[in-house]
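Student: Below, the features straight out of TrEMBL:
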DOMAIN    12-105  domain 'Peptidase M24'
BINDING   H82, H201  substrate binding site
BINDING   D100, D131, E261  divalent metal cation 1 binding site
DOMAIN    126-268  domain 'Peptidase M24'
BINDING   D131, H194, E230, E261  divalent metal cation 2 binding site
Amino acid sequence: MIYIKTAAEIEAIRLGGRLLAGFLKKLKEAVKPGVDTADLEAMLIQMVEEAGGRPAFKDYPMGGEIYFPSAICASINDEVVHGAAIPGRILKEGDIIDLDIGMEWPVKPELRAEHGLPTNPHSLGGGYYTDTCTTVAVGEISKEARQLMKVTKECLDAAIKKVRPGATLNDIGDTVQTIAEGAGYGVVRDLVGHGVGYYSHELPDIYHYRINPRSSANLELKAGMVICIEPMINAGTHKVTVADNGFTILSADKSLSAHYEHTIAVTDDGYSILTLE
């Protein structure tokens, strides 16, 4: 089911998204050689909880008996997504790291009352979900890594500009694939963007690659939809593999991977980015 959010619900998502964007900025500033990803994890959890929220990704079910172990998806170098922010993962000069974070906010009834926000009937905490990601350089990085980050961010920015009522999912996917492949990169196909707000992951799937324009999957966007666009671009092949831990996704050829994401509302006349400070 695809959920259409009310103006009041979108405002709640925007307020949470603004907080989340601030947290991501602080995490980005903390990234440097020698930092343990567990320290970034502790930093995020403290910020989220002090703001009256709940980290969305920690203990998220990944299938079977596997649950994601951290609040941050901290994916380093050839890790596409779902790298864990756990003790002993030390950042090194020249690494790139994707910091993907999500939050349910606000989970306290008194905080919703203070801000005049509705309660999300679909979540135990009553808050609304937001999701954002950026890729960060650890110290000095290679020219190749810098270019991959630049192009991936361009993919996200251009895709967002396609968002409006009546636009299709293929408009987004075609835009990303054209830019990425034009630069010689591979667009990950096994992972997609998604709806967000009531839950951390909702329909529709948001494709970052071309799909058949006549396919039933090529839905039209409607005002009130809230979606996450999050292109994952590999420097080499678009293909991926799963690490031995059962949840971290790697580029199949061990090439570098970059990832950027925003939560976006479809408005009557276009779009609004909800994960900005």
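Cβ atoms are placed via backbone N, Cα and C, with glycine included.
Where the annotation comes from TrEMBL, it is an automatic prediction and has not been curated.
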Student: What does DSSP call H194 (divalent metal cation 2 binding site) in the simple three-state scheme?
Tutor: strand
Student: E230 (divalent metal cation 2 binding site): which of the binding-site residues H82, D100, D131, H201, E261 is the nearest Cα neighbour?
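Tutor: So, of the listed binding-site residues, the one sitting closest to E230 (divalent metal cation 2 binding site) is E261.
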Student: Which one is closest to D100 (divalent metal cation 1 binding site) in space, judged by CA to CA distance, out of the binding-site residues H82, H194, H201?
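Tutor: So, of the listed binding-site residues, the one sitting closest to D100 (divalent metal cation 1 binding site) is H82.
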Student: When the number of other CB atoms within 10 A of each residue's CB is tallied over all shown chains, which of the binding-site residues H82, H194, H201 has the maximum?
Tutor: H82
Student: Note the mean pLDDT of the domain 'Peptidase M24' (126-268), expressed as a whole number.
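Tutor: Here the predicted model's pLDDT, averaged over the domain 'Peptidase M24' (126-268), is 98.
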Student: Helix, strand or coil at E261 (divalent metal cation 1 binding site), per DSSP?
Tutor: strand
Student: Roughly how many Å lie between the Cα atoms of H201 (substrate binding site) and E261 (divalent metal cation 1 binding site), rounded to a whole value?
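Tutor: Computed Cα spacing between H201 (substrate binding site) and E261 (divalent metal cation 1 binding site) is 14 Å.
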Student: Quick check on the binding-site residues: of D100, D131, E230, whose CB has the lowest count of neighbouring CB atoms inside 10 Å?
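Tutor: Looking at the binding-site residues D100, D131, E230, the Cβ with the fewest others within 10 Å is that of D100.
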Student: I want to check the contact list for E261 (divalent metal cation 1 binding site): same chain, sequence separation of six or more, C-beta distance under 8 angstroms. What comes out?
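Tutor: Residues satisfying the criterion: D100, D131, T132, C133, T134, L156, G193, C228, I229, E230, T275.
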Student: With H, G and I counted as helix, E and B as strand and the rest as coil, say where DSSP puts D100 (divalent metal cation 1 binding site).
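Tutor: D100 (divalent metal cation 1 binding site) sits in a strand per DSSP.
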